[in-house]
Amino acid sequence: MSHSNTSTTKFTVTTPLYYVNGLPHIGSAYTTMAADAIARFERLRGKSVMFITGTDEHGQKIQRTAMENGLEPQVHCDKVAAGFDALWQKLNIQYDRFSRTTSERHAAIVKEFFGRVWEKGDIYLGEQKGWYCVSCEEFKEERDLLEGNRCPLHPNKEAEWRDEQNYFFRLSKYQTQLETLYQKQPDFIQPESRRNEVLNFVSQGLQDFSISRVNMDWGFPVPLDPNHTIYVWFDALLGYVTPLLEPDSEPTLDNALKTWWPIQLHLIGKDILRFHTVYWPAMLMSAELPMPGRVFGHGFLTKDGQKMGKSLGNTIDPVELVNQYGADAIRYYFLKEIEFGKDGDFNETRFIDILNADLANDLGNLLNRTLGMAHKYCQGNVPQITDDDIPADHPLKEIGLELGSRVASAYEALAFSAACKEIFSLVRSSNKFLADRAPWRLYKEGKQQEVENVLYTVLESVRLAAYLLAPIIPSISTDIYQQLGFSIDFNEKNTIQDSLSYSNHAVWGILSSNQSLSQPKPVFARLEQR
Ligand code: MSP
């Protein structure tokens, strides 16, 4: 089979497929916002992007939730999946495909994949005894459980004792091959701390794991033994493959893998690292498929320094948050404030402070004041300056010349926070520059040329900052670009590549006097502390 996604022109990225046991929480929104930012960045870079998100709908946990809600499982899943999609629309998430593991096409892909692994001799019937955490959908080692057989990740739930016949996957057979993968592809697991965690786990010796369940029928039947249901994680991971099918093509593995495989980037939270960096590559090895590029495990969010949970009553409802503050504010806070990979905290006071300081003051006010002056002193036109008139050691140009490549490296490393800091160094320098040069004074002194020089460099800095921030705050960036006289919308996914490429816009000095500036209007309204 040939795989064509080895070129540098394509980029495939996934979020986890979220369990539909409840409405989306801020943790799921966090991964999805990060995935959207990187997908938008790669689109600006001119790549063809395939951004996949979706829902994980099988298994005991979902079956039980549906029952508790008095709904047929499928009806329940449809309802919750729609809730996820609605949040993604509100958060301005431009995914390309939404994978649902209860789809018919997925059934065909899982069946074929299971068959391959079976043919390989990697599946056998065995005895499964152990403690099962339904919330994790995972067997736990007794030594890892808290008192009363409670799972450390779900301390309010007891793990359940299971003693049954299950089909097992020969994970142990892939020990050496996995270790070679981690060595040959050192970026496979990121960040470094997570990589070490996995290497350490694998070095203790891998055990086969069970991939079927009995007495549970919300899932796909094992092809040759329909008394067994395929384990939800085995099915879910393949949910990354099914959406790669073109909508009109036959659901076969060959078709699914033709264009977009291998996936370059799986974005996940740190709690599901093992599934993605050990089980998943081993399954792919068994089916003789190429490996994904990298798996990045981000940290966990807390609220006011505390673990979030329904029982603690301190969950953050992302829908409420977005209704109150808008998509860009939320995207900005989480991506700028938390170093991606580390745990991070949400605190409303801090949230409001940061948005006011960065978006309303430093960026928004800067644009507003400078546009105002351009209207007052330059008839609302971009000053007639050619970039050659500005020396390379000009304090803003100096930063601007390098910024595009520095920010690109940060985005590539998923260092969203570092990208924002780089960008805001230009914004803050612009504010300082404006205060130092005081164009209002220069104007009074009749130094028109100098006034124009100052305003041009500041407007160009704001433009460059807005462009580089577009993956994170696309609507504010669009607003800024439009006020600067571009008829461009960063949310128009399909036209973005031609008109807005990184190589044309992430550079210093493109603002031209052909553009007419619009009257300033605030791009971000100051928030009041509650
Ligand atoms: N269904 C599986 C994934 C299957 S992928 C083939 C699953 N779903 S989940 O809905 O429980 O979790 C989805 C993601 O949300 C995980 O990446 C998890 O790390 C993330 N988060 C859950 N709570 C979180 C926080 N409090 N903070 C940050 N992310 C968190 O696991």
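FYI, residue positions are counted from 1 along the chain as it appears here.
Backbone N, Cα and C define each Cβ position, glycine as well.
Feature annotation from TrEMBL assigns domain 'Methionyl/Leucyl tRNA synthetase' to 12-153 (among others).
For the motif ''HIGH' region' (18-28), the list of distant contacts is 53-57, 61-62, 65, 76-77, 80-81, 83-84, 87, 269, 300-301, 308, 315-319, 321, 346: same-chain residues at least six beyond its ends, Cβ to Cβ under 8 Å. Marked as motif ''HIGH' region' by TrEMBL: 18-28.
When secondary structure is read from DSSP and collapsed to three states, HIS154 (Zn(2+) binding site) falls in the strand class. Residue density at HIS154 (Zn(2+) binding site): 16 other Cβ atoms are found within 10 A of its Cβ, drawing on all protein chains shown. Positions annotated as Zn(2+) binding site by TrEMBL: CYS133, CYS136, CYS151, HIS154.
Residues annotated as domain 'Methionyl/Leucyl tRNA synthetase' in TrEMBL: 156-371 (among others).
The average pLDDT computed over the motif ''KMSKS' region' (307-311) stands at 74. The motif ''KMSKS' region' annotation in TrEMBL covers 307-311.
Per TrEMBL, the feature domain 'Methionyl/Valyl/Leucyl/Isoleucyl-tRNA synthetase anticodon-binding' maps to 406-496. Per DSSP, the domain 'Methionyl/Valyl/Leucyl/Isoleucyl-tRNA synthetase anticodon-binding' (406-496) is made up of 68 helix, 0 strand, 23 coil.
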* To do: Provide the number of Cβ atoms within 10 Å of the Cβ of CYS151 (Zn(2+) binding site), excluding the reference atom itself.
  => 21
* Structure fact -> Judged by other C-beta atoms within 10 Å of its C-beta, the most isolated of the binding-site residues CYS133, CYS136 is CYS136
* To do: Write out how many residues of the motif ''HIGH' region' (18-28) are helix, how many strand and how many coil, based on DSSP.
  => 3 helix, 2 strand, 6 coil
* To do: Work out the three-state DSSP category of CYS136 (Zn(2+) binding site).
  => coil
